[in-house]
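> Heads up, here are the entries from TrEMBL:
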type	residues	note
TRANSMEM	150-171	transmembrane segment
TRANSMEM	178-204	transmembrane segment
TRANSMEM	224-257	transmembrane segment
TRANSMEM	283-302	transmembrane segment
Amino acid sequence: MDLPHQGFRATKQRARAAPSAGDAVLFDDTSSAAPGMNSQGFYTPAYNMAGPSNDLQGAPGVNNLFADPMASAAMMYGSSLANQGKDIVNKEINRFMSVNKLKYFFAVDTRYVLKKLMILMFPYTHQDWEVRYHRDTPLTPRQDVNAPDLYIPTMAFITYILLAGMALGIQKRFSPEVLGLCASTALVWIIIEVLVMLLSLYLLTVHSDLSTFDLIAYSGYKYVGMIFTVMCGLMFGSDGYYVALAWSSCALMFFIVRSLKMKILPSISSDSMGMGSNSKPQLRLYITVATAVFQPIIIYWLTSHLVR
């Protein structure tokens, strides 16, 4: 029968014949072509990832930028502006705090420090309190023991803070907050004392040779007596504390009176209130005594809570 034979022919697949060379091709086979290129030329070449092309090698580089005269001139102009800004900053700093004056107050040596500490604790044995000058310029502390300095007040302040921390630790009352409050209180008292002294001299029109650094130095000498007072209190109790407080207070008062007596000078001209020049020595005496009497009060206020 012919039916099975016809069914076998229906299921048999035919092989596709390759198109002849003469037939027209409707679509081009582009699967094997390189990316970025085809036969029609519709695409631009791809980016060259290997590096810049040869036509860019002649462009100026970073080294050529610094060799440019305009770039060098700009760098020189910027450097001059930086130097001018530095000079302006230094000038503004010198308006409020002279670096040369600050160096003068720290020009000390070991011999001066030992002598000054002896004068602070035993001022009654010191005879010559006059500050020496050389061509209208006061001698440095290492050359004159009567010259005020800032080294001893600074070191005494730091030592007082450390001693306060040790005293609070012995009494089981130490904490960073309490120690910070102690340090800030001591610093604020110095600032208040110096401001009050400057304001008093200004309002009473008393001419003096005292500068702000001088007042800070004389106000900071009290920390030497405070250290001595706290140490005696820790070693000998409250009785030793009060004995040391009395001794250091009297010694500091005597030191302040004799030192400021050489610094505060009477005014020559009368002020706007009509007070004559004869009243100026009295004002100088009042300011000196008030400053000296104020020292024991601050010493007791800053040390009494450390000894129990």
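The backbone N, Cα and C atoms fix where each Cβ goes, glycine too.
Values in this document were obtained by computation on a predicted structure and should not be read as measured data.
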> By a Cβ-Cβ criterion of under 8 Å, what residues six or more beyond either terminus of the transmembrane segment (224-257) are in contact with it?
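Beyond its ends, the transmembrane segment (224-257) has Cβ neighbours at 117, 119-124, 152, 156, 159-160, 163-164, 167, 170, 218, 288-289, 291-293, 295-296, 299-300, 302-303, 306-308.
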> Using Cβ atoms and a strict cutoff of less than 8 Å, what residues sit near the transmembrane segment (283-302) while being 6 or more residues removed from its termini?
160, 182, 185-186, 189, 193, 197, 200-201, 204, 206, 218, 222, 225-226, 229, 245, 248-249, 252-254, 256-257, 260-261, 264-266
